[in-house]
Amino acid sequence: MSTDVAGAEAPQVKGKFLGIFICWLLGNGSLFAWNSMLTIEDYYVHLFPDYHPTRVLTLAYQPFAFGITLIMTYYEAKMNTRRRNLAGFSLFFLGSFALIILDIATKGRGGLGVFVGVCIISAIFGTADANCQGALVGDLSLMCPEFVQSFMAGLAASGVLTSALRLVTKAAFESSKDGLRIGAILFFSITCLFELACLLLYTFVFAKLPIVKYYRSKAAAEGSKTVASDLAAAGIISDQQAQVEEDPQKHKRLTTKELLMENIDYAFDIYLIYVLTLSIFPGFLSEDTGAHSLGTWYALVLIAMYNVWDLIGRYVPLIQCLKLTSRKGMMAAILARFLFIPAFYFTANYGNQGYMIFLTSFLGLTNGYLTVCVLMEAPKGYKGPEQNALGNVLVVCLLGGLFSGVVLDWLWLIGKGW
């Protein structure tokens, strides 16, 4: 494999737009199954009214997503990125298929046993997320920033697509007998097909794009071992051991701990963004916003508005004059978001649904915007292997924030029978 990247402008840009689109689809696939489970919360609340399904399923998902990502980040330098991604998308596909089989086998009946089965599948989705999200963010961090932005936008777009699909299926089957269940089964059938498409795209298309081969070859030349399988899938074999012996200084990299210490503010930024967001979304929005004129559509509308504005927020940093690059500015904006907690509390108790929809939209906008600002800025100035490691570290912080937010979300239930 040639390690000379000088004058390689052609492979550096060839296939870029297709790569951006595939990153967007892979971002979708990394959360599509999980968002599908969240978006049919009205069906699960109907089946399991006594078990707080929105909160419990999230609590089943997050420890696996966070714990496994933490372990994989510790061993990141030795991990096979390709195997992680293939395992992740395979689990998303099989878990979605298992939800359909479980529902058909039990004929749409509720009960504790069925709920435990759904919780196990939620944990499988968490395991899949740990494989995909950390591996892909790390891998894309060593490529052009647009790939990371597109992947993160895809994560948000999965929420928009699932919300739109759920609104359509709910409207189409609401008046029919057993319509809620039919809509949910159709929903997960679409999810299965989408996850299979993502698996095939990553397996056979993405690795062979010239721009992807260029950046992975560059990372391998700088000492990265995580890209070897993907390069082999693209027909490129590297002899890294010979390169290390030839120039050992060139392959030295900062340790994961050193990277964390240099970027501790970014780590806290991404953690605090998701602590705040998940302490409100989706549990509080699904169960604690009172009764309004929209009736059973109210929670679905709130979740849909959050997802739409989260997606919009992830594209705002592409406008250079609106992109936040100051590290202190990011921290100030992230800390200011904690004002959402009293704002949501008073709006839920004293405001109307219009104010709640506005607040939810602004929550989504700031979540998407600040997430992309942090993940686009943090890897700048590092070698490929260091960018990959830092991407994995930031995903651990993100999932740690998600997990903490899910736990804190239960505090809204104080004084309501708990």
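Placed from the backbone N, Cα and C atoms, the Cβ positions cover glycine too.
Positions annotated as transmembrane segment by TrEMBL: 17-36 (among others). Packing against the transmembrane segment (17-36) from elsewhere in the chain are residues 61, 88-89, 92, 95-96, 122, 125-126, 128-129, 132-133, 136, 140, 143, 146-148, 150-159, 161-163, 187-188, 191, 194-195, 197-199, 201-202, 205-206, 209, 211-212, 307: each is 6 or more residues past its ends and has a CB under 8 Å from a CB in it.
According to TrEMBL, the transmembrane segment annotation covers 56-74 (among others).
Annotation source TrEMBL lists transmembrane segment at 86-105 (among others). Sequence-remote contacts of a segment are chain residues at least 6 beyond its ends whose Cβ falls under 8 Å from one of its Cβ atoms, and for the transmembrane segment (86-105) they are 29-30, 32-33, 36-37, 114, 117-118, 121, 124-125, 127-133, 135, 181, 184-185, 188-189, 191-192, 195-196, 198-199, 202-203.
Cβ atoms under 8 Å from those of the transmembrane segment (111-128) belong to residues 33-34, 37, 44, 47-48, 51, 53, 56-58, 60-65, 68, 87-92, 94-95, 98-99, 102 of the same chain, restricted to positions at least 6 beyond its ends. Summarising the annotation, TrEMBL assigns transmembrane segment to 111-128 (among others).
The annotation transmembrane segment is assigned in TrEMBL to 140-162 (among others).
Residues or ranges marked as transmembrane segment by TrEMBL: 182-207 (among others). Tertiary proximity for the transmembrane segment (182-207) is limited to same-chain residues at least six positions away from its ends with a CB under 8 Å from its CB atoms, namely 19, 22, 25-26, 28-29, 32-33, 36, 39-40, 43, 82, 85-86, 89-90, 92-93, 96-97, 99-100, 103-104, 162, 165-166, 169-170, 172-174, 176, 213, 216, 230-231, 233-234.
For 266-285 (among others), the entry in TrEMBL reads transmembrane segment. If you look at the transmembrane segment (266-285), the same-chain residues 6 or more away from its ends with a CB under 8 A from one of its CBs are 38, 41, 52, 54-55, 58, 260, 299, 302-303, 306, 327, 330-331, 334-335, 337-338, 340-341, 344, 348, 360, 363-364, 367, 370-371, 374-375, 377-378, 393-394, 397-402, 404-406, 408-412.
The transmembrane segment feature in TrEMBL is assigned to 297-317 (among others).
The transmembrane segment feature in TrEMBL is assigned to 329-348 (among others). The list of residues near the transmembrane segment (329-348) in space but at least 6 beyond its ends in sequence, with Cβ under 8 angstroms from a Cβ of it, reads 265-266, 268-269, 272-273, 276, 279-280, 284, 288-290, 355-356, 359, 362-363, 366, 370, 373-374, 377.
Marked as transmembrane segment by TrEMBL: 354-377 (among others).
Feature annotation from TrEMBL assigns transmembrane segment to 389-413 (among others).
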The transmembrane segment (389-413) touching the transmembrane segment (56-74) per 3+ Cβ pairs under 8 Å rule: yes
